[in-house]
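Working notes, structure below.
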Amino acid sequence: MDCLIRKQGTGNRVMKNNDFWASRSATRTEHSVRNMVFAIFSQGIITFLSFVCRTVFIHQLGKTYLGFNGLFSDIFSLLSLAELGIESVILYEMYQAAGKENLQELAELLKLFKKLYFRVGAVIGGLCVLFLPVLSFVVSDIPKVPLLPVYYLLYVSNSVMTYFFSYNRSLLIVYQEQSIESILNSIFGILLNVIQMVYLYFFSDYIGYLVLMNIATLLNNISLRQIVRKRYPQVFQWEKKTSEKVYLDEQVKIKLRKNVKARFVSKLSTAVVTYTDNLMISAFVSTAVLGIYSNYTLIAYVFKNLLNTIFNALKGSIGQLVATESNEKVYQTFKNIMFLNFWMVSYLTGAFYVLVDSFIRLWIGADYILPVSTVLLFCINMHVRLLRNPLLYFNDVCGHFVQLKRKNIWEALLNIVFSSFFLFVCHWGIAGILLGTFCSDLCTNFWFEPFLLYTRFQKDVKDYFIRYFLYIVTWILGSLFSFWVCQCISVENGILNFLIHGLVCTLVLNTCFFVLWGRCKEFQFLKSVLLHFLKKRRGY
């Protein structure tokens, strides 16, 4: 192919193959910042509107239908393990093909992605249908719900549908243009939530609510498909030239099979760790305590989702970086992202510890507050897990699927052993379960993930642990000082008191971080990137 045509602005821009790849590489940082900004903006709008829509939902339909939403979501999350982790594995190969400027291999991988995800969608859809007979037993405390199967099928069809279009999204990730998806998600998210609220207000009908959700998802995916095909015609031209059969090098196929198996085991092990804590709290502590605990996990999920949104926006840039640049360049970028993650995580978890009890007291009452020791352990676990974000994403795009498999199995087993010991032998209740999770993390993830990545960088992992220790000390000092300042300030009005404490946390924590880290190379780099982006937005 002599040239590649890509739409930009009002006209078509024609460029040679090498120019095409070079232009994308040259703007990697700009792509990253733009993707982050759009992703955060999109997530913020959708989260706010979803909260408002949820409020209308509860008022018009009640707790029972809200429970259906939660139940259907849990069932689908469990059955979606059948996805096997295919996306991460094929994306890794697509980064390599893009790095080699091999459009033919990229098109073949896209075709494989499409073929496998069509099968995955069919399998998960089939499993959801097979689960129908069991559904009535899961909701046995509700006497008569004749339309329950209809509700369930409409809900899961909305999620299953996405698998048949996901291959289009992969090109946006590889080419670092997830901002397009963020814009589409914002448009359809706003329209869906507004229409659903109006519909619920006038009709109070759950089926219509679910039908609207399906229509919005379908239109969103069709729009994304059309945009991707127009934006990357060169890839789809290669796809049309070849037959339906996927032609890939035999070594690539062997590696794909091995990585998919390893990724599936890792996903299964992670699911065990995630669900073990909740099951043990419900079965051996109290279902009521689990209900109280779930309020804390809900707030933590908002923070986790925000950070995931940011890192998903960076994933394409990280993937291209690993595929095309030297170990030294990748290592420096890792340190910059690790620092950015430290700052965000430390601020969010520090503010969480200081403010969460006040927030819950205002939201649902003092009866739903957990003991101080439990909140502290919950916060430590959240901080430690979120600090792993850069390690997880870099190991993912480096293709370390097989190497991480055994680690994930050991993490799941040790989580059960430690949590059981602290729960049944020490009788420490929910605090013991959380401590068990922390210990399993310390024995596996804490040392193995950085060791694996730094071996790839050909760097001494000691540098990572020194940096990690300093970050932890900074977080502890900032959080304790913030907590002490908030204890010295008290206002009778609960809402005003919470807002003042929130402002204090923001000022104190970020000031501490700036004083201690404001002169480091990573901060200076991130500041220059932000200033460059702002200047470009203003047009000078």
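The backbone N, Cα and C atoms fix where each Cβ goes, glycine too.
Among the features that TrEMBL reports, transmembrane segment is placed at 37-59 (among others). Long-range neighbours of the transmembrane segment (37-59) within the same chain, counting only residues 6 or more positions beyond its ends whose Cβ lies under 8 Å from a Cβ of the stretch, are 65-66, 178-179, 182-183, 185-186, 189-190, 193-194, 196-197, 200-201, 209, 302, 305-306, 309-310, 312-313, 533.
Annotated transmembrane segment per TrEMBL: 71-95 (among others), in sequence order.
Marked as transmembrane segment by TrEMBL: 116-138 (among others).
Through the fold, the transmembrane segment (150-168) approaches residues 68-69, 72-73, 75-76, 80, 83, 87, 110, 113-114, 117-118, 120-121, 124-125, 128-129, 132, 135, 206-207, 210-211, 213-214, 217-218, 221-222, 224-225, 228-229 of its own chain, all at least 6 residues removed from its boundaries and within a Cβ separation under 8 Å. What TrEMBL records for 150-168 (among others) is transmembrane segment.
What TrEMBL lists as transmembrane segment is 180-200 (among others).
Under 8 Å from some Cβ of the transmembrane segment (206-224) lie the Cβ atoms of residues 57, 61, 65, 68, 147, 150-151, 154-155, 157-158, 161-162, 164-165, 168-169, 180-181, 184-185, 188, 191-192, 195-196, 199-200, all in the same chain and six or more residues away from its ends. According to TrEMBL, the feature transmembrane segment maps to 206-224 (among others).
The transmembrane segment feature in TrEMBL is assigned to 337-356 (among others).
Taken from TrEMBL, the feature transmembrane segment applies to 368-387 (among others).
What TrEMBL lists as transmembrane segment is 468-486 (among others). Remote same-chain residues near the transmembrane segment (468-486) are listed as 342, 346, 349-351, 353-354, 383, 387, 450, 501, 504-505, 508-509, 512-513, 516-517 (criterion: CB distance under 8 Å, separation of at least six residues from the stretch ends).
According to TrEMBL, the feature transmembrane segment maps to 498-517 (among others). Same-chain neighbours of the transmembrane segment (498-517): 339, 343, 346-347, 350-351, 354-355, 358-359, 362, 474, 477-479, 481-482, 485-486, 489, 491, 523, counting only residues six or more beyond its ends whose CB sits under 8 Å from a CB of the stretch.
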Folded-back contacts onto the transmembrane segment (180-200), same chain, C-beta under 8 angstroms, at least six residues removed: 35, 38-39, 41-42, 45-46, 49-50, 52-53, 56-57, 60-61, 169, 172, 208-209, 212-213, 216-217, 219-220, 223-224, 227, 231, 313
Which residues of the chain, 6 or more past the ends of the transmembrane segment (368-387), have a CB below 8 A from one of its CBs? 292-293, 295-296, 300, 303-304, 307, 341-342, 345-346, 348-349, 352-353, 356-357, 360-361, 430-431, 434-435, 437-438, 441, 446, 468, 471, 475
Outside the transmembrane segment (337-356), at least 6 residues beyond either end, the same-chain residues with a Cβ under 8 Å of its Cβ set are 296, 299-300, 303, 306-307, 310-311, 314, 318, 375-376, 379, 382-383, 386-387, 389-390, 467, 471, 474-475, 478-479, 482-483, 486, 498, 501-502, 505-506, 509-510, 513, 517, 520, 522-523, 526
